[in-house]
Amino acid sequence: FKGGDTCEYLLSSGRFLGEKVWQPHSCMMHKYKNSEAKNCLIDKHVVFIGDSRIRQLFYSFIRLINPQVKEEGNKHGNIPFEDKSASIKVDFLWYPEVNGSMRQRIKSWTEGSVAKPHIIVAGAATWSIKIHNGSNEALTQYKINITSIAPLLEKLAKNSDVYWVLQDPVYEDMLSESRKMITNEKIDAYNEAAVRILNSSSRNSKAKVKVFSVSKLIAQETIMKSADGLHLPESSRDTNAMILMNVYCNKIMKPIDGSCCQPQPPLTLIQKLAFCFFTLSIIGYLIINLIHRNNFRKNKSCTDLEGGEEKKPAISTPNVSTLEMLLHSLCKLGLIMTYFYLCDRANLFMKENKFYTHSSFFIPIVYILVLGVFYTENTKETKVLNREQTDEWKGWMQLVILIYHISGASTFLPVYMHIRVLVAAYLFQTGYGHFSYFWIKGDFGVYRVCQVLFRLNFLVVVLCIVMDRPYQFYYFVPLVTVWFMIIYATLAIWPQIVQKKANGNCLWHFGLLLKLICLLTCIYFLSYSQGAFEKIFSFWPLSKCFELNGNVYEWWFRWKLDRYVVFHGMLFAFIYLALQKHQMISEGKGDPLFSNRVSNVLLFISVVSFLTYSIWASSCKNKTECNELHPSVSVVQILAFILIRNIPGYVRSVYSSFFAWFGKISLELFICQYHIWLAADTKGILVLIPGYPMFNVLVSTFIFVCVAHEISQITNDLAQIVVPKDNSTLLKRLLCIAGFFSGLLLFSAMQDQSRH
C-alpha cells in the first residue's frame, strides 16, 4: 500500500496487456465513449500547446469527442476545434520550442482579464534539439526558458489542470538525415531538466503541474512501429489521449470500471449505521463469551488436595444460547463485511482491468475438469437429478462462470453464449426443484416460503447495505427470488393441485397443465410488452428493488433473457415425476433409464442436439440476434445434458464430490465474487499481491472460497433463528423484518434527498 493517489500511477507507470491494452499500475482505466467524453467536458476549454507530437495527441483527444475528425489543415499553425452541442472548445497552439513566445502566451492566461483554459497540455523539445543541432547551449537555454515558464504554469495549476508531457524516445534507426541529431540521450537530458525544474517552488503545494511521463513507457514498447521514428503510431497516441481523459474525467463521471483518480466514496448514513450495528454485535459477543469463560473457570474440575481425587463440577457446561449463536454469527459477518468494504470500496487494495486470452479461460477449465473427475464417488441414490448430482451440476457450472468472469471471456461470443446456457440451467433447476417440492410435499406454508426467501436474499441485503449497491445490482438473486414466488403462486392459487390429489383423479393432471399453460401465456405476454412489464416493477416500493441507474430496463433485459427456462424446468419435473409414478423408467443402480434400444436412440439424439447447439453458439456473429433466440433454444442443450448424464446407469450412479462441495455454496460464490475476487463491482480484478499475477489469484481465490463457505454457514445458522417453525413466533419475526425494511426505505429516501 503506497497511498491513495492513483493519479500519479496513471500518469507515470503501467504495462501493456497483450499488444494494445494499457494497464496502469494499481488501478483501472475506463474506456470513454463519445457521449461520456462530451458530458465530462461540457462547457470546458482545453488547450494543447507545443510541437507536432502534441498536435498528434490533440487529434487523438478530439476524436474521443468526435470520431469523424481528420488530421488536415496547416500542420505548423494553430488548429481550433469546437463542439457546439456541448459547448466544448479544444485548441492546438503551435509553439514547437520552449521560448519567449510560448512564455508570453502562457503569461496571457495568468492575467485576470483573459479566460483561463480548464485543461492545459504542454510539451516541446525535439525542435530545439533539431534547430540547434543538439548543442549543449540549446539545452542550457531550454533550462532557462522552462525555469521562466514554470512559475506561470504553477500559477495556472491553482485553478486549472496543467500537464507537461515529457518527450518520448525516438527510434534512431528510422530517423531521416535532418533528424539524426535527435537522440534518446539528448531527449533524456531535456526530460530530466523539465522534471527537476517544474514544481520546484511548490513541492508541498497542491497546485502542481502534473508531469505526463507515462507516454515514455508506452513509446518504449511501440516506437518501433512508428512511420518516421519520431512520431508515435496511432494506437499509442489514442492510449495517451484515453489516459488524459481518465485523469480529468474519472473524478467527475465516476465510472465503475475507472478506479484511477477516483476518491474513496464517503460513507452513507446506512453504512454508518451498519458499522455501528456490527461493532455492537462484536462487543456483545465478546462480553457474553467472557462471562461464559468465567463461569466455566468457576465450575472447572479441581484436584482434591487431601484425597488426591478429581472432583467433577456439579453443574455441566450450558449449551450455546440462541443469543450467543446470533451474536457469534453477526460477529463473524461483521468481520467479513469489513473485508468486503476494504477490498472494493476503500482505496486500500489495487485493482486491474481484465484481459482475455483463450489460454486464460480454457487452461483453468481443463484443470478443474481433471480435478472434478479425480474426486469421483458413488451416489447415495440413483434417481434422475438426485441431490448429489444437482450439487455437482451447480458446482462445475459455478466454477466455469467464475473463470469466465475473471478471464474477461464475455468479449468472446461463443464462450458468452455457452455461459448463458449455464445461467439458464441454474434457473431450470429452480423450476425443477421448487415444483418437485410443492408437487410431492404439498407444503405451501409460510415457514417454507420464508426459509427459501431468507436463504436466497440474506447475503444480498447485507451487501446492499454495506457496499451501497441497489438490490438489482446482484441480478441473479432477484431473478431466482421472483421466479420462486411465481412458482409458488402458480401452484398455491386455488385449486391447489398436488401429487396426492392427482393420484386419486387423473383429471387433476389436466388441471395442472392448464395452470402451466396460463403461466406460459403470461410470460409470453410480458416478454412482448415491455411497457406493461416496466409499469408493474416501477411502482414504489418495488421500484426500489428493481431499478438500476434510475430505470428497470436492466431487470427487463435479465428477465427476458431466460424467460422460458423456469417453465421448462417445471414441465420437465411434471413429466419426469409422472413417468416415475407410472414406473415407465428404471432408476436402479447400474440400470439404463429406459430399455437398451430406447436409451441408445435417446443418447444419440442428445449428443447430436448438444453438439448442434454448440456449433450454432460458436457460429454466432451478433450478440443481440443470438440473445433473441437464446430463451427458446437454451433448453435444448440443458435437456441433452440431463439425458446424457442420467440415461447410462453407471454415469447416473457416480458424482464428483469436488464439484458437489462447490455446488453447496454456489450462490455465495456467485455473489461474493462481485467484491472480494473481482473488483470494481466485477469490472476488474482484485490485486492483493501486485507483481505476481498467478500467486495473487491463488491467494485471493483461497480467501474468497473460505469466505463464501463461512457465509453459507452463517446464513444457515441465522435462518434457524430468524425463521422459526412456530407460527406465532414467526409472525412476530416477520413484523420485525417488515419494520426493518420500512426503516431501510426511510433512510434510503433520506440518502437520495441529500445526494440530490
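Backbone N, Cα and C atoms are what each Cβ position is placed from, and that goes for glycine too.
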- Query: From 395-416, 637-658, which range did TrEMBL mark with transmembrane segment?
  - Reply: 395-416
- Query: What mean pLDDT does the predicted model reach across the domain 'Cas1p 10 TM acyl transferase' (253-734)?
  - Reply: 92
- Examine the transmembrane segment (731-750) against the transmembrane segment (269-291) and state whether at least 3 Cβ pairs sit under 8 A, considering only residue pairs 6 or more apart. yes
- What else in the chain is close to the transmembrane segment (473-495), if you only count residues 6 or more beyond its ends and a Cβ gap under 8 Å? 423, 426-427, 430-431, 434-435, 438-439, 444, 449, 452-453, 456-457, 460, 463-464, 511, 515-516, 518-519, 545-546, 548, 554-555, 558-559, 562, 566, 570, 667, 670-671, 674, 681
- Who are the chain neighbours of the transmembrane segment (395-416) in space, where the CB to CB distance is under 8 Å and they lie at least 6 residues beyond its ends? 354-358, 360-361, 364-365, 368-369, 372, 422-423, 425-426, 617-618, 620-621, 623, 626, 656, 658-664, 666, 669-670, 673, 677-678, 682, 685, 697
- Query: What stretch of 355-375, 561-579, 599-617, 692-711 shows the most Cβ pairs under 8 Å to the transmembrane segment (659-680)?
  - Reply: 692-711
- Task: Work out, from DSSP, the number of helix, strand and coil residues along the domain 'NXPE C-terminal' (22-92).
- Result: 20 helix, 19 strand, 32 coil
- the transmembrane segment (269-291): which same-chain residues, six or more beyond its ends, come within Cβ distance under 8 Å? 323-324, 327-328, 330-331, 333-335, 337-338, 465-466, 468, 744, 747-748, 750-751, 754
